[in-house]
Protein chains: 2
Amino acid sequence: MIQTMTENQIALLIIKALKDNKQKEFNRILDELQPYDIAQAYDHLPEKHKKRFLLFMTADRLAQLLEELNKDMQLEVLNKLENEKTGKVLDLMDNDDLALLLHDMSAEKIEGLLAGMKQSESRIIQNMMTYPPETAGRLMTNRFVWIRDYYTVREAVEKLKSFAEYAETINYLYVIDQDRKLVGVVSHRDLLIAEPLEVIQDIMYERVISAAVTTDQEEVANMVLKYDFLAIPIVNEENVLMGIATVDDLMDVVVQEANEDIEKLSASGKAIDFDTKAFVAAYRRLPWLILLLFIGIISGSIISGYEATLSQVVALAFFMPMISGMTGNTGTQSLAVVVRGLVSNDLNKKVVTKLILRELGVGVIIGVTCGILIALIAFFWQGNIYLGLVVGVSLLLTLIIGTLSGATIPLLLYKFGIDPAIASGPLITTLNDIFSLVTYFGIATMFISYLT
Amino acid sequence: MIQTMTENQIALLIIKALKDNKQKEFNRILDELQPYDIAQAYDHLPEKHKKRFLLFMTADRLAQLLEELNKDMQLEVLNKLENEKTGKVLDLMDNDDLALLLHDMSAEKIEGLLAGMKQSESRIIQNMMTYPPETAGRLMTNRFVWIRDYYTVREAVEKLKSFAEYAETINYLYVIDQDRKLVGVVSHRDLLIAEPLEVIQDIMYERVISAAVTTDQEEVANMVLKYDFLAIPIVNEENVLMGIATVDDLMDVVVQEANEDIEKLSASGKAIDFDTKAFVAAYRRLPWLILLLFIGIISGSIISGYEATLSQVVALAFFMPMISGMTGNTGTQSLAVVVRGLVSNDLNKKVVTKLILRELGVGVIIGVTCGILIALIAFFWQGNIYLGLVVGVSLLLTLIIGTLSGATIPLLLYKFGIDPAIASGPLITTLNDIFSLVTYFGIATMFISYLT
């Protein structure tokens, strides 16, 4: 009846099995649950039952459980396990999840954990840790199915069957030569359709799409987005097959990279989620805010340069928030279009020229529309046609430049190999702020005799 | 040698085959290419070769080509095809891609296209089109493998083989009863491990994770993110299996939804990419900008209410951009954390309380830090300790409120079923702008005698 039960009902069932010390019943329940659900159940379990919960679990299930938990919880579980079991569990964990767990740990602690593992497994992990974070080398698993090109379809199917339990994907069989170089790929689907005695050489794809160990994880994810593969083979510089990156991990990469783009665009600081402590979150957000504070001081000193103008026509201050707000926003709009566009577009001169001309067009259209509107409003509100003109023309100019800078600055940064999202959010806001103030007060000062 | 050629070399090879009118050679080249690469080759082909390119393609390949192209290109290809071939190609296209193509088309045009299709296929499409856009019903394909629970493993494998060419995924076999209700699922991997004479009933998972046809596509994508499935079964309200949503489509959903969040947070208007025309992009961006314009006028009228204060101490204007900029930014920071957090967190009272208290803590820490800093700067710059205090205390207060509003407003909107991203970006900026001006000038007015 587990299949129709709610999570709460299942949780009660699990607690009952733990209380009654019935391991069989416990396993019968867990058999029906997905690893994610088991992790949720563990997470919500009262503290006093957790020890026995872990004791009842097989090493296999514990490895799956660890893969689903966040880092804090992983460490909590590892602390509760006996040393001897820890090694077994880590052996069974996916390499990429284990590498992520060890990342940031002290060398001493890593050594302690790896000590309990099989040498062959721990060596693989140590090797993975030599690749830079967020590259394909950190993402890959060595649990793939490999075959040779002289195998028959039947032999390949046999190999697949013997790997089935262990492999991360059974959708592709990778063909390697005697030097472990990647020479082809056969999909499981093709095997099902082929005749048993056909030779792999004759049915394999030889134009294999692969990524290098040092490829950025976002690029690997983009390959899967384009090609709709369920896994991508990862090779070293000699085209030796090192591992595969699977779609589930790459989907997590897509989410992570989107979050990073948003964090950077909103300058919200790195890696703040619901569980981050207040002090840590404040510490991560402060650098941007302090930068903004000094930027604000620059704006302030520009205004102070026009103090004479401002004290003659205090009404000029009324339109300051509107002009800088709108210029900032139009810049952010262009920026967002460019940053996200870079995810799925390849850049060349033609694309860039077209994009910049388009943004210029957008700037002119919105500048003229908003400029006329605010000129009329300013005129009717303050009863001075010249004030209306000054505000309207300023807005027209700042919107055009705001749009253009929002498009060109990230493109320039991208060209020079700087992540456009991180540098350009606050950068564009600042530049636009400064430019809009100079334009506005500059024009106002020119026409000051008409304004007073 | 195609396997080691660059895209340009392959493009030349294709053009040569087209010029020499060699269909066999053409097909030999395309055999080695992925659908995405074929689409890229077609896209970059000189116009004069396109007609023959399409003529040489099998209906099967044309269907795959259409699935890879954007909407404008799809229509271009369909226009170039003969009517008779069009029907065949549409029959072979994935339902979800076809539904996306037909979306937004006039009823007349849809009828024209569906007319050439097999009745059974066109009926499925028409049925799909009755579900709201961006729901599971629009995403699903009916090309899944279904079995009955009394099948043996051997029978299931036979069924899978006969479906292999046609099915969108061969990773799962869905078990249905005589009313087509979903009662279980077996993974292909489990079949490989099981004995040939075992009965499906004994090895299937009965607690099937499924989504309803009306489920929002983002929610379905989240299920796949959580469970790492390669497909999710989609059922109607009677639990009848209607189709499956596959991971490749759901990965596209994740990207699309992340882009939408960014568009909304940056108020950049819907669906603007590199190919959008200037006039269309301006039209989509203008509503937000005009809204911001009127919001700017509100800020302006608040300042005008403090005209007396401002004309006595013009230096107050120097700190306006800094205060409103920082308050706006701190609000956006909190907002981004909450909006993206909602993607992966389930909300309950405990989580919300913790989150709001955390943000309050963050607000106090950054408020005190930045407040002290700006008070010192203002004092040394303007030589007035009271001005320093007014600016510092104002910043402290506005940063606390900015942080809190950035966290609470999206949560409130979410609670009332409004998308927090769309409503809260400009909303928070406005509220924070207005609040910061009132606080700043309010405090300044209170201490005006010390400032002059």
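Backbone N, Cα and C define each Cβ position, glycine as well.
Remember, TrEMBL labels are computer predictions, not curated facts.
Here is what TrEMBL says about this protein:
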type	residues	note
DOMAIN	A:140-203	domain 'CBS'
DOMAIN	A:204-262	domain 'CBS'
TRANSMEM	A:286-306	transmembrane segment
TRANSMEM	A:318-339	transmembrane segment
TRANSMEM	A:360-381	transmembrane segment
TRANSMEM	A:387-413	transmembrane segment
TRANSMEM	A:434-451	transmembrane segment
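As a quick check, the transmembrane segment (A:434-451) and the transmembrane segment (A:286-306) clear the bar of 3 or more Cβ pairs under 8 A, pairs 6 or more apart, so the two touch.
Restricting the average to the domain 'CBS' (A:204-262) gives a pLDDT of 91. Within the chain carrying the transmembrane segment (A:318-339), a Cβ under 8 angstroms from the stretch's Cβ atoms is held by residues 261, 265, 299, 303, 355, 359, 362-363, 366, 370, 374, 378, 382, 391, 394-395, 398-399, 401-407, 409-411, 420-421, 424-425, 428-429, 432-433, 435-437, 440, all 6 or more beyond its ends. Counting residues per DSSP class in helix, strand and coil order gives 21 helix, 18 strand, 25 coil for the domain 'CBS' (A:140-203).
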